[in-house]
Amino acid sequence: MPPREDPDKLWRSEGAPSTPPPPRKTSRGNWFSMILTALVVFLLVDLLLSAFGGGRKTNIPYTEFTKQLSAGQVSEIYAKGDSIEGKLKSAQPNPGNSKQTYENFTTTRPTFANDNLWSELTTQNVKVDAEPVVKERGFLANLLISLAPMLLLIVLWIFIARRMSAGGGMGGLARKAPPKPVELAPGAKRTTFDDVAGIDEVKDELAEVVDFLRRPEDYRKLGAKMPRGVLLAGPPGTGKTLLARAVAGEANVPFFSASASEFIEMIVGVGASRVRELFAEARKVAPAIIFIDEIDTIGRSRGGGNSMGGHDEREQTLNQILTEMDGFSGAEGVVVLAATNRSDVLDPALLRPGRFDRTVMVSPPDRTGREAILKIHTRDKPLGADVDLEQVAKTTPGMTGAELANLANEAALLAVKRKDDALSARDFSEALEKVQLGAVRALVMPDADRLRTAYHESGHALLGMLQPGADPVRKITIVPRGRALGVTLSTPEADRYSYTEEYLRGRIIGALGGMAAEQVVYGVITTGAESDLEQVTNIARGMAGRWGMSERVGRLTAIPNDAQGAYGLAAAPSTLDAVDEETRRIVAECYDEACRKLVAHREQLDALASALMEHETLDEDEAYRVAGLSA
Ligand SMILES: Nc1ncnc2c1ncn2[C@@H]1O[C@H](COP(=O)(O)OP(=O)(O)OP(=O)(O)O)[C@@H](O)[C@H]1O
Ligand SMILES: [Zn+2]
């Protein structure tokens, strides 16, 4: 993924006229207005309450009541049982609190009171009500009281939602600026198909889209509909983003780009509104391209197991994208390109006709493709006479465009360090070492530990060299690199697309070689083999549970890939047990074979280990020579 140029901007777009960004509202202002609104809501609720609820009632002693009654001050009362409430003709001093007066009151008549209340009331002409004089809070008031906290929450929620949807800091209350296309730096060159190599089939497929964007009217006139969405599927770093940019560049249309993960916020509804806005803006300047990276983060199918948090938001955002795409007439000239490296987990709804009905597979480049990509990324770098890009391409099977671009850059950095004015072949081989093995770590190890590492790596290497059909060993080193104390590198001669059972066993034996060597030489093993074991387990489990290489489990998929999650292929527990047992069996057999071979070839093992102690690093030729084998 390319770095984000501006963390404050949700959409990155290029190639269309720009306007200066609107002045920002400070977030202080937002908080202020938020608190203000909260206050207003409180006041309103209070006001309504007093309007419906009438005045306060003061609890007075019964003697105070009879006193006021005989003084002719009581205007009306309401009584229920022994409790009386009522109203005075005018406010009187409160006997309980001399600083206050009261008008409405409640009191309780003692059961033993031996007065003649009724005749007293009639002589004083007091109105005796059938209903409470001071009304209880009405239904509406009660409702308001119980709703007040909720109201407050809702107000708060709206504020936060608006702040978030403003795309970070563009202002809470302020109407946020729509995603305006931003111009490329003046004179900057737009990405074109010339910047993409090694995936020519893909370019051909996208050429049609480019043509459509260049002259949408011609398509409209003939009633031809273009695909609304094209899905670019492929492993990371194969150039999907680059391709989308190139399509926009070739067609010379504005390019809107957003990452699907940026749509997902804590607050439901924000993602959908962002999508709506993105499409609205793109339509305004159509023909245009919208690029949505990592579409799988919101486009996962529902059974995908991964249902942690943000579920509703994810679904709403996805639905909004689908709605927007359905809304296209197809002739509007907005084409959506989306990228994923997990097309297997996508919701089928995304792939229906009228949506992403075209999928373009973007694969890692082959040898000629790698050479072409290296050419592109050394275009602006002076190369020494000894640099042979074809050779570099040969030694980099499996590497993606992004990794090759990185390799070329590392080589240039090394040349700068050497203060040379051109990149040499050595820069490339050192850069490759660094990229493949990790950076050298300054770590001083006692000789005993170095020797143990030397045996460990020699074990890997020797078994790799002995195994027929295995990838050749390219390099052995006991210089600590990355997280490892030593590294043995083997890479295939040519690109491999499928693997035989024999090859996989060879890989397991090679990976167990380090541990086996320690066992054979020292009789004990160390913790240094953790990542070896991970690799071993992965391969062996795959053989038993995925690739049908175990008679006992049978020719079936017993281990679901995570796309199917817990809902997909639910294998019976007994099947999974069988997979475990078969995995164990395969690993145990391979380990035995590794130990057996190392014992049988102990002299070669010793020779490799002592050569490593002396030279620290052996390349392919040296390693095979020391072991007395031919590469
Ligand atoms: N086929 C290619 N030709 C030339 N350069 C490439 C190619 N593929 C990748 N690159 C280089 O690698 C960089 C990163 O590639 P890009 O971001 O397009 O990969 P991606 O497939 O989108 O990866 P991700 O899935 O990680 O986002 C590009 O900017 C470009 O420099
Ligand atoms: Zn190891």
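Backbone N, Cα and C define each Cβ position, glycine as well.
Taken from TrEMBL, the feature region 'Disordered' applies to 1-28.
Under the heading compositional bias 'Basic and acidic residues', TrEMBL lists 1-12.
Taken from TrEMBL, the feature transmembrane segment covers 31-52 (among others).
If you look up TrEMBL, you'll see 139-160 (among others) marked as transmembrane segment.
Under DSSP, residues within the domain 'AAA+ ATPase' (226-366) fall into helix, strand and coil as 59 helix, 29 strand, 53 coil. The domain 'AAA+ ATPase' feature in TrEMBL is assigned to 226-366.
The ATP binding site feature in TrEMBL is assigned to Gly234, Pro235, Pro236, Gly237, Thr238, Gly239, Lys240, Thr241.
What TrEMBL records for His456, His460, Asp532 is Zn(2+) binding site. Using a 10 Å Cβ-Cβ cutoff, His456 (Zn(2+) binding site) registers 30 neighbours.
Taking the Cβ of Glu457 (active site) as centre and 10 Å as the limit, one finds 25 other Cβ atoms among all the protein chains shown. Marked as active site by TrEMBL: Glu457.
Taken as a whole, the domain 'AAA+ ATPase' (226-366) shows an average pLDDT of 81 in this prediction. Rounded to a whole number, the distance between the Cα atoms of Asp532 (Zn(2+) binding site) and Thr238 (ATP binding site) is 27 Å.
Among the recorded positions Pro235, Thr238, Glu457, Asp532, the residues whose Cβ lies under 6 Å from any atom of ligand 2 are, in sequence order, Asp532.
Here the CA atom of Gly237 (ATP binding site) lies 30 Å from the CA atom of Glu457 (active site).
For Gly239 (ATP binding site), the nearest neighbour among the listed binding-site residues (His456, His460, Asp532), judged by C-alpha distance, is Asp532.
Apart from Gly234, Pro235, Pro236, Gly237, Thr238, Gly239, Lys240, Thr241, the ATP site neighbourhood in this chain, defined by C-beta within 8 angstroms of the site C-beta centre, holds Leu232, Ala339, Asn341, Val362, Thr400, Gly401, Ala402.
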